[in-house]
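Asker: Straight from TrEMBL, here's the annotation block:
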DOMAIN    54-172  domain 'Heparan-alpha-glucosaminide N-acetyltransferase catalytic'
TRANSMEM  64-83  transmembrane segment
TRANSMEM  95-112  transmembrane segment
TRANSMEM  195-213  transmembrane segment
TRANSMEM  254-274  transmembrane segment
TRANSMEM  286-304  transmembrane segment
TRANSMEM  310-330  transmembrane segment
TRANSMEM  351-373  transmembrane segment
TRANSMEM  393-413  transmembrane segment
């Protein structure tokens with residue numbers, strides 16, 4: 001009688017290799033089913049947005065601009081060459097606002113694509129925060145003034161302009177930079193050329209309005225004085241002279257916001273370049289292009305005044321070139337050096353640093369609260385100022401304040417706490 005195998009055991013005619021092959025086929029089938037299920041789930045969830053890219057050079061540049069802002073705000077009152085130029089001209093403080101706008105463009109280029117709701121929400125928060133700070137809803141320590149004077153609060157401002165430039169940068173990226181072929185060099189150059197062309201168009205349109213637009217009564221066409229210029233005239237019509245930085249003009253006014261889109265477009269383009277981790281040769285080319293732009297802007301200044309308040313074409317091109325060169329230098333490896341680390345800490349908590357440094361009464365209160373015997377003549381703030389000339393006092397005060405905020409931002413960085421809006 002022939003032998004019958006048990007039903008629970010494989011037939012003895014199967015070899016061990018046959019069993020291995022069967023198991024491999026089962027595993028492959030299971031893996032295929034798993035991959036199919038994963039693809040179906042991804043399809044049902046919709047396309048995922050690419051994760052934002054963090055470029056150290058951009059963070060460091062943001063921190064440097066923030067530090068310059070603090071230095072020129074405090075020391076500019078006693079050192080004229082550090083503070084803003086009275087009208088025409090270019091001083092150290094006049095690079096701060098273009099630096100802000102340029103970094104906004106670069107950051108938009110590196111970030112994931114935000115939704116329309118997110119853009120509106122962020123812009124609204126920035127505008128409200130700017131009005132709160134300018135309206136003294138965030139009070140000075142030791143001051144009894146607190147509240148928002150609806151009659152005289154300043155409507156335009158730094159954060160308000162940043163909000164507008166952020167929104168413009170997002171839509172410029174969405175409608176121009178992200179449209180078309182970015183996978184090939186030719187397509188990328190074409191898209192970046194469109195972005196820069198939009199920026200150039202904004203400069204030309206703004207300057208045409210400045211030369212041909214309406215002027216206050218009795219002022220000649222195309223006048224560029226503080227009392228007679230189209231930008232100030234439009235701001236007075238829209239805001240009223242009691243809601244402006246100056247009764248005659250506002251450096252963050254409506255019309256002068258138009259050419260800032262050229263600075264945003266430069267930031268968008270340079271952000272894409274540094275995102276690709278450029279080679280040393282490419283960073284050198286970026287620095288060289290920035291120098292050429294700066295020289296072009298300075299040369300244009302012999303025909304068109306360099307003016308920050310009006311954001312004239314010469315000023316826009318000059319400061320844009322400086323920003324491009326600065327980012328190129330930082331992208332060449334300096335941003336990775338130890339000396340740049342404090343600026344990275346500041347740059348990654350920029351909005352917090354902006355609010356803290358603007359409320360400088362807090363730092364004065366901290367210094368004045370530490371004293372030796374006599375709280376009036378023995379406090380740290382008084383001792384620091386004794387025996388020094390006024391510029392030295394202000395510089396010492398500024399460096400101490402900057403050191404405090406660096407320490408705060410360092411602690412937040414170590415705890416991975418980043419304040420955003």
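Keep in mind that glycine also has a Cβ here, set from the backbone N, Cα and C atoms.
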Asker: Taking the transmembrane segment (64-83) as the reference, which of 95-112, 254-274, 286-304, 310-330, 393-413 gives the largest number of Cβ pairs under 8 angstroms?
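Answerer: By Cβ pairs under 8 Å, 393-413 leads among 95-112, 254-274, 286-304, 310-330, 393-413.
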Asker: Excluding the flanking five residues on each side, which residues at least 6 beyond the ends of the transmembrane segment (286-304) place their CB within less than 8 Å of a CB in that stretch?
Answerer: 90, 207, 270, 273, 278, 312-329, 331-332
Asker: Counting by DSSP secondary structure, give me helix, strand and coil numbers for the domain 'Heparan-alpha-glucosaminide N-acetyltransferase catalytic' (54-172).
Answerer: 73 helix, 1 strand, 45 coil
Asker: In the same chain, who gets a Cβ under 8 Å from the transmembrane segment (254-274) while lying at least 6 residues past its ends?
Answerer: 55, 57-58, 98, 101-110, 156, 161, 164-165, 168-169, 172-173, 177, 188, 192, 195-196, 198-200, 202-203, 205-207, 209-210, 213, 230-231, 234-235, 238, 282, 286, 309-313, 316, 319-320, 323-324, 327-328, 331
Asker: What average pLDDT is reported by the model for the domain 'Heparan-alpha-glucosaminide N-acetyltransferase catalytic' (54-172)?
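Answerer: Its mean pLDDT is 84.
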